[in-house]
Amino acid sequence: MLSQFFPHIKEKPLSERVKSRDAFVYLDRVMWSFGWTVPENKRWDLHYKLWSTFVTLLIFILLPISVSVEYIQRFKTFSAGEFLSSIQIGVNMYGSSFKSYLTMMGYKKRQEAKMSLDELDKRCVCDEERTIVHRHVALGNFCYIFYHIAYTSFLISNFLSFIMKRIHAWRMYFPYVDPEKQFYISSIAEVILRGWAVFMDLCTDVCPLISMVIARCHITLLKQRLRNLRSEPGRTEDEYLKELADCVRDHRLILDYVDALRSVFSGTIFVQFLLIGIVLGLSMINIMFFSTLSTGVAVVLFMSCVSMQTFPFCYLCNMIMDDCQEMADSLFQSDWTSADRRYKSTLVYFLHNLQQPIILTAGGVFPISMQTNLNMVKLAFTVVTIVKQFNLAEKFQ
């Protein structure tokens with residue numbers, strides 16, 4: 001059903017030529033609409049830069065200021081539920097501005113990484129390998145569509161749950177607009193601006209995930225090639241050595257791909273790790289003490305979206321670390337015992353490099369892994385415990 005509207009989420013037949021960079025089709029289109037890339041036609045370069053500047057000022061700077069001014073000017077008019085709904089999204093929004101800026105600045109690095117993917121694609125000549133690439137490209141595009149549906153569901157449900165009560169969903173300040181007398185005008189302005197911010201946040205969350213999906217695709221292909229080394233009888237030692245050298249080159253390209261993206265994702269995941277515990281804690285307090293059924297559904301969707309910002313990516317990073325060990329095992333278990341000295345010396349050097357796991361870090365401080373993610377999520381329960389022990393919820397009611 002979805003593939004009728006989004007054809008790139010369906011695995012393409014082998015008769016069509018698919019590149020690894022095609023996994024970013026939908027993501028790149030949305031990033032282009034925000035001014036995070038470059039125009040295809042250079043004649044529109046100035047217009048595109050002006051648009052990019054406008055969007056950056058509006059969403060990265062003016063939107064957080066609008067929320068902050070509303071807290072200062074009308075803090076006494078907030079109910080406890082309104083305040084928690086606003087602050088949990090507001091805190092996430094401040095972090096989103098930093099993440100979006102880092103992602104936008106990482107455009108050249110992402111293009112550099114895609115060039116490494118193009119080189120890796122040249123090695124995929126047999127149907128079996130091309131099928132794996134096609135499958136992962138479709139998976140990458142599906143990840144974007146899945147996240148888009150999830151984030152849109154939160155945006156719509158949160159907006160409707162509040163507007164039915166004639167309450168502002170996010171409480172933003174607009175000059176010369178009375179939020180009570182011009183309720184629907186201000187509400188529509190809120191959902192439009194908040195929608196832009198949500199979809200920017202979506203791009204920063206999906207970009208690392210799709211990138212690692214494609215990285216794991218080529219790691220899987222390399223594992224298969226390592227298992228098949230010296231498996232074809234009748235070839236010369238020089239041909240076997242060239243086959244091993246090609247695998248060394250593939251591994252170098254994978255490392256170059258990850259290294260190009262390392263600085264881009266380090267900052268975005270670091271910001272998200274800092275926020276996830278606080279944001280989830282505020283959301284849990286909102287559900288436990290202040291939410292109605294309609295607002296509770298919106299908060300649950302919000303918590304799901306926040307969890308999706310780190311959990312799948314951390315899980316993939318763990319799998320890639322395991323894949324590195326499996327690559328070393330695959331090489332060691334290949335038929336190398338009867339090889340000549342040149343082949344064995346190259347194999348020993350390559351085996352040493354394969355045993356070094358691919359580890360990404362958040363801000364150069366936290367290793368990006370499931371363990372780190374769980375440690376950060378535990379902060380949410382700490383926030384809830386503090387609120388319960390000091391009876392803060394009752395004081396707000």
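Yeah, the Cβs are placed from backbone N, Cα and C, and that goes for glycine too.
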Q) Regarding membrane topology, does Swiss-Prot annotate Lys76 and Thr372 with the same topological domain? A) yes
**Q.** the transmembrane segment (296-316) touching the transmembrane segment (50-70) per 3+ Cβ pairs under 8 Å rule
**A.** no
Q.
Under 8 angstroms for C-beta pairs, at least 3 of them, ignoring pairs fewer than 6 apart in sequence. Is the transmembrane segment (348-368) in contact with the transmembrane segment (86-105) by that rule?
A. no
Q: Quickly jot the same-chain residues contacting the transmembrane segment (195-215) by Cβ under 8 Å, restricted to those at least six beyond its ends, or write none.
A: 20, 23-24, 27, 30-31, 34, 36, 55, 58-59, 63, 92-93, 96, 99-100, 102-103, 110, 113, 117, 136-137, 139-140, 143-144, 147-148, 151-152, 154-155, 254, 257-258, 261, 264-265, 268-269, 272, 308-309, 312-313, 316-317, 320, 358
Q: Pop the mean pLDDT for the topological domain 'Cytoplasmic' (216-268) in here, whole number is fine.
A: 92
